[in-house]
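For GLY415, GLN416, THR417, GLY418, SER419, GLY420, LYS421, THR422, the entry in TrEMBL reads ATP binding site. According to TrEMBL, the feature coiled coil maps to 61-113, 153-244, 621-648. What TrEMBL lists as compositional bias 'Low complexity' is 680-689. If you look up TrEMBL, you'll see 732-741, 800-821 marked as compositional bias 'Polar residues'. The annotation domain 'Kinesin motor' is assigned in TrEMBL to 332-604. Summarising the annotation, TrEMBL assigns region 'Disordered' to 664-821.
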Amino acid sequence: MIRLLKEKEDTIQLMKEKEDIFMSTKEKEDNKADLKKGTVGNMKQSTDEDIDTSTKEKGDIIRLMKENEDYNNTIMKLKLDLEALKSLHEENCKLLESKKEDIIKLLADKEDNASMILQLKQDSLTKENEDILRLMKEKEDGNSIIAKVKLEMEALRSSYEEACKLLESKEEDVVRLLADKEDNASVILQLRQELEATKRLHEIHSQQLETRASQVKEELEHRIKEVELMLEDSIKRKREFEEVSKSRIQFWEQKGIVVNQFVGLQVQNVQDLRLCSVSFRHEILNCQKRWLEELAGLGQNLKVVTNAAEKYHAALAENRKLFNEIQELKGNIRVYCRIRPFQPGEDEGSNSVEYIGDNGELVLSNPTKQKEGGKNFTFNKVFGPTTTQDMVFKDIQPLIRSVLDGYNVCIFAYGQTGSGKTYTMMGPEKATEKEWGVNYRALNDLFNISHARRDMITYELTVQMIEIYNEQIRDLLGGGGSQKNVVTIHVRGQDLKTGNTSRGALHLVDLAGSERVDRSAVTGDRLKEAQHINKSLAALGDVIFSLSQKNAHVPYRNSKLTQVLQTSLGGHAKTLMFVQVNPDVSSYTETLSTLKFAERVSGVELGVARTNKEGKEVKDVRELMDQLSMLKDTISKKDDEIEQLQLLNTSTSKLKSNRQADHILKHSSSSPGITSLGKVSSVGSGAASDLDNFSDTSDRQSEAGSMLSIEPEVSGLGDVESDGRLSDASDGGNSTGAETDSSVSSVVDQGQEKASSAAKERLTKTVSRVQKLTVRKASGLRPKPRDPAIPKPSVPTGARRNTSTQGIPPARATSSAKRGP
Ligand SMILES: Nc1ncnc2c1ncn2[C@@H]1O[C@H](COP(=O)(O)OP(=O)(O)OP(=O)(O)O)[C@@H](O)[C@H]1O
């Protein structure tokens with residue numbers, strides 16, 4: 001019993017403890033609920049206050065809330081379980097109480113029974129026994145009941161133990177939940193801290209916002225004050241304005257009245273004007289009528305003027321023709337200007353050629369210097385960029401064909417590098433027949449014509465190609481080759497009927513670029529080459545200048561180029577210059593100087609062109625001259641022999657008398673002419689060797705010397721310095737000629753050299769024949785003297801010069817020309 005009671009007490013104690021735990025759990029739960037409420041509230045607050053709370057925090061809080069809810073549910077469940085256990089425990093307690101009461105009752109009964117027994121003992125022994133037995137039985141029954149109660153107690157105990165175990169497990173759960181709660185509490189604490197930090201931040205932010213708001217508020221208040229002031233001001237102004245507008249309205253109303261009155265007046269005026277306009281219209285119609293009549297009269301007048309203009313144009317064309325004819329007669333160098341087209345990659349906008357006229361007018365202007373204005377030039381012809389090779393050739397064809405009639409023709413292209421000289425003279429690289437330049441077309445044309453005339457005239461065409469490189473003349477057909485070259489076509493024609501011959505030469509010259517060395521910025525060999533080119537072109541310029549000034553001295557000898565072109569520039573040849581122009585504005589300066597040079601060239605008068613035709617007489621002269629030179633050779637040989645014999649005689653007869661010695665001395669001193677004859681040939685050959693490379697000119701030179709050496713009357717020519725090289729040779733020829741003459745007479749007079757007397761006789765005869773023929777021919781061909789400085793001899797110097805240089809074609813020219821092909 002005591003044990004049971006103790007157990008009961010223990011159980012009650014345990015239950016109390018459980019109750020405490022439950023209470024504390026409940027308390028915690030309440031706290032948690034409070035916390036949750038607070039958290040949720042705070043969260044709500046934070047959500048409301050701070051819209052910038054991160055979604056992560058929100059997620060964590062939501063998760064924690066959910067966990068908290070789960071945790072609450074579990075606690076609720078445990079609470080229910082605990083309530084059930086409590087009710088079970090209370091039932092057990094109640095049962096135990098009732099059992100206890102029963103036991104107490106039984107114990108009381110037992111005590112009563114014991115007292116009764118004792119009483120009974122005292123009362124009756126038999127009865128006592130029976131009673132004892134019954135009591136014993138009752139005790140046994142009581143014992144069995146106690147055993148039963150014990151069993152029940154055992155069962156209760158086991159159930160209680162189970163309940164305790166369950167409670168223990170629940171306690172563990174509670175402990176775990178408590179630990180979770182602690183964790184949650186720490187999380188909540190952390191969150192609270194964060195919340196507090198956020199709150200602080202928020203507070204700071206809100207403080208800032210508040211200060212800002214207060215500032216803004218202040219500003220707004222200030223503005224409101226300002227606006228209020230402005231409003232007041234505007235109200236004031238409005239009032240003023242209203243007052244002013246009132247006065248203005250009054251003014252305008254008054255004005256309106258005045259205007260209405262004015263409009264009324266104007267309407268009246270308009271009506272008057274309408275009436276006037278009607279009368280004007282009538283007048284205008286009348287005027288129109290009159291004008292139409294006048295216009296009809298003017299149309300008729302215009303017709304007359306148009307006719308006059310047409311006639312004027314015709315007269316202009318006629319003038320141009322006449323001008324060309326005059327130029328032809330004067331022998332002006334023809335100048336054709338050709339403007340090349342813009343090449344791919346060049347800017348067609350930067351064109352320096354402003355205008356190209358039909359009659360050879362050209363206006364050059366620099367678009368970058370508009371102020372300067374255009375520069376006008378006039379040439380025989382200006383070919384624009386679209387002119388084809390064929391069109392160019394068609395224009396110069398008659399000139400080229402005149403070579404077949406015995407004229408010397410020179411066509412040369414002048415201009416800066418890249419201006420199209422080679423294109424005009426040769427054509428482009430790998431040219432098609434359509435693109436052929438002057439060279440190919442000229443040769444082709446000359447061959448075709450000579451073929452067509454073969455029944456009447458036989459032509460012998462020889463071609464020579466030379467190049468002047470660094471003042472050296474190279475025969476290009478003999479070997480080597482070059483892009484830039486001096487082509488010469490020699491044409492010798494013989495009339496099959498009359499036997500008359502003609503000799504013409506066509507020089508086609510592609511000059512080097514005319515730009516200045518200092519602008520080309522080259523060095524070394526290229527500089528040397530450029531300097532030579534410049535020297536040649538400068539020499540050409542000097543020759544042109546001298547010719548245009550009609551100077552007595554023309555410096556042909558200053559360069560190989562001018563020597564080569566001497567017969568074309570100074571002789572009675574037909575000369576044409578292509579002045580090539582690059583239209584690009586970057587070449588403006590070069591173009592300008594090129595055109596100025598060309599203008600000067602066009603002013604050069606070479607004299608009337610002469611054909612190199614040889615009649616029978618000239619042919620005789622040529623033959624006689626050939627004989628003469630042969631005889632001269634024979635005489636000089638004989639002279640040498642005589643001299644040798646004399647020397648031999650002097651050395652072997654030292655013992656001869658003084659008379660004999662005097663005679664020998666007299667003989668030797670009276671033979672300078674013989675020495676001079678040797679000089680003649682040496683002068684001739686010297687001249688020839690000097691210009692061996694250019695045989696044409698040198699041949700003429702030696703020939704001139706030869707001619708003059710046998711003609712004492714030609715002494716005047718020796719003074720003519722205008723022909724440079726010719727005059728040099730003439731001088732030599734002149735002196736030697738005089739000497740030759742005296743030597744011839746001395747030889748004839750002395751008659752000592754019997755072996756050569758026959759030859760000398762023939763020589764004398766030949767000389768007199770040549771003199772006669774030459775004088776006759778020359779008087780027929782004599783040109784007008786070019787310069788008054790040139791002595792005008794009784795024997796015509798110009799004629800002789802002409803005869804020697806032009807009238808009679810060079811004896812070795814053909815041979816040199818033939819040297820090429
Ligand atoms: N009338 C033209 N039509 C078409 N192309 C042209 C014409 N004239 C020149 N050209 C072209 O312009 C370029 C330069 O011409 P070209 O070589 O004939 O000049 P150049 O004066 O001979 O130069 P350089 O002095 O350097 O030899 C070439 O490509 C040539 O084909």
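Heads up, the Cβ atoms here are built off N, Cα and C, so glycines get one too.
Note that this is a predicted model, so its numbers are computed, not measured.
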Sequence-ordered binding-site residues from GLN416, THR417, GLY420 with Cβ under 6 Å of an atom of ligand 1: THR417, GLY420
Other residues, Cβ within 8 Å of GLY415, GLN416, THR417, GLY418, SER419, GLY420, LYS421, THR422 Cβ centroid (ATP site): ARG340, ALA413, TYR423, GLY513, GLN580, ASN582
Around the Cβ of GLY415 (ATP binding site), the count of other Cβ atoms that are within 10 Å: 29
Fewest Cβ neighbours within 10 Å, where candidates are the binding-site residues GLN416, THR417, SER419, THR422: THR417
Per-residue Cβ crowding (10 Å cut-off), top of binding-site residues GLY418, GLY420: GLY420
Surrounding CB atoms that lie within 10 Å of the CB of LYS421 (ATP binding site), all protein chains: 27
